[in-house]
Amino acid sequence: MKAAVVTKDHRVSIEEKRLRELRPGEALVKTEYCGVCHTDLHVKNADFGDVTGVTLGHEGIGRVIKIADNVDSLKVGDRVSIAWMYAACGNCEYCTTGRETLCRDVLNAGYTVDGAMAEEVIVDANYAVKVPENLDPAAASSITCAGVTTYKAVKVSGIEPGQWLGVFGVGGLGNLALQYAKNVMGAKVVAFDINDDKLNFAKELGADAIINSTNVDPIEEVNRLTNNKGLDATVITAVAKTPFNQAVDVVKAGARVVAVGLPVDKMDLDIPRLVLDGIEVVGSLVGTRQDLREAFQFAAENKVIPKIQLRQLSEINDIFDEMEKGTITGRMVIDMKSTH
């Protein structure tokens, strides 16, 4: 079968791979679609360590074509996800308290185990979440990581109906954060970016305000919008240091700043302000299986509509080049059905 494999020179090679036999508790999935995430770029570039030889992809959607022994959660024909959280131990303090994404023994698709940019992929049946049949599978691929990650982050922000939430970076993740915040949580949303095309798209999606941080002072604009109060919370999906710092600067006392993007950098934190204003800065890592079920359902109800563009597996290096240049709006999704 064809698979997108990480090479030593930080590129991706389309190679023929052969899967091992299924083990108890596993299922074999024929991949239909796989979204391309910024984390895939980090993995390819060895930012998290060298994983030469691994098959990329953790925004996969496909149909179960075979199940192993001891599998009763799935059946042949089910449409399921192949997500970043491939499997966890199920027994630790995190797994038993609803925080399974923090499991120290977690396996990650497309990083520590082979992922979904392949014609077929092996999944842990207990961690493959079923996809609603009325949800377009190509759109569902974007929800599998970008969607659940931003949905969880918006939940972590504690935002309430009518409050102001700032979303920093409105690309593949941020446009979904905007939709979950506005259409599910009932928040007022300010979109921050340095790309006018992405900001205009955010406005089309319903952003209450858009701010190009290179043209205006974000603090001044937020003060104007909120009568000098500041935002109630911010979510950062951008992958640069500056927006992380700005996201702290524009919030009010008692606000929560949720970090999602993964720039290889460090934040500059004004400690006296954090302490005196009681500002919380927290990280949010993807989402649990239950978060993913909820995120899928909101998409199936058309409350969240991912903007996607179908691409071919052979274009994967071009997609990464575009990603590094910051020219992508929405989500690139590999049409794996065209490779079968």
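Keep in mind that glycine also has a Cβ here, set from the backbone N, Cα and C atoms.
Noted in Swiss-Prot for the protein shown:
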type: BINDING; residues: Cys37, His58, Cys145; note: Zn(2+) 1 binding site
type: BINDING; residues: Cys89, Cys92, Cys95, Cys103; note: Zn(2+) 2 binding site
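Everything Swiss-Prot records as a feature, shown here on the structure.
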residue : record                : CB count, 10 Å
Cys37   : Zn(2+) 1 binding site : 26
His58   : Zn(2+) 1 binding site : 27
Cys89   : Zn(2+) 2 binding site : 14
Cys92   : Zn(2+) 2 binding site : 16
Cys95   : Zn(2+) 2 binding site : 19
Cys103  : Zn(2+) 2 binding site : 19
Cys145  : Zn(2+) 1 binding site : 34
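Within 8 Å of the centroid of the Cβ atoms of Cys89, Cys92, Cys95, Cys103, where the record puts Zn(2+) 2, the same chain has further Cβ atoms from Ala88, Gly90, Asn91, Glu93, Tyr94, Thr96, Glu100, Arg104, Asp105, Val106. With respect to their backbone Cα atoms, Cys92 (Zn(2+) 2 binding site) and Cys37 (Zn(2+) 1 binding site) stand 28 Å from each other.
Distances between the Cα of Cys37 (Zn(2+) 1 binding site) and those of the binding-site residues Cys89, Cys95, Cys103 are shortest for Cys103. Highlighted in sequence order, Gly35, Thr39, Asp40, Gly57, Glu59, Ala83, Trp84, Ala109, Gly110, Thr144, Ala146, Thr149 have their Cβ within 8 Å of the centre of the Cβ atoms of Cys37, His58, Cys145, the residues recorded for Zn(2+) 1, and are not part of that set. The DSSP secondary structure for Cys92 (Zn(2+) 2 binding site) is coil.
Rounded to a whole value, the Cα-Cα separation of Cys103 (Zn(2+) 2 binding site) and Cys145 (Zn(2+) 1 binding site) is 17 Å.
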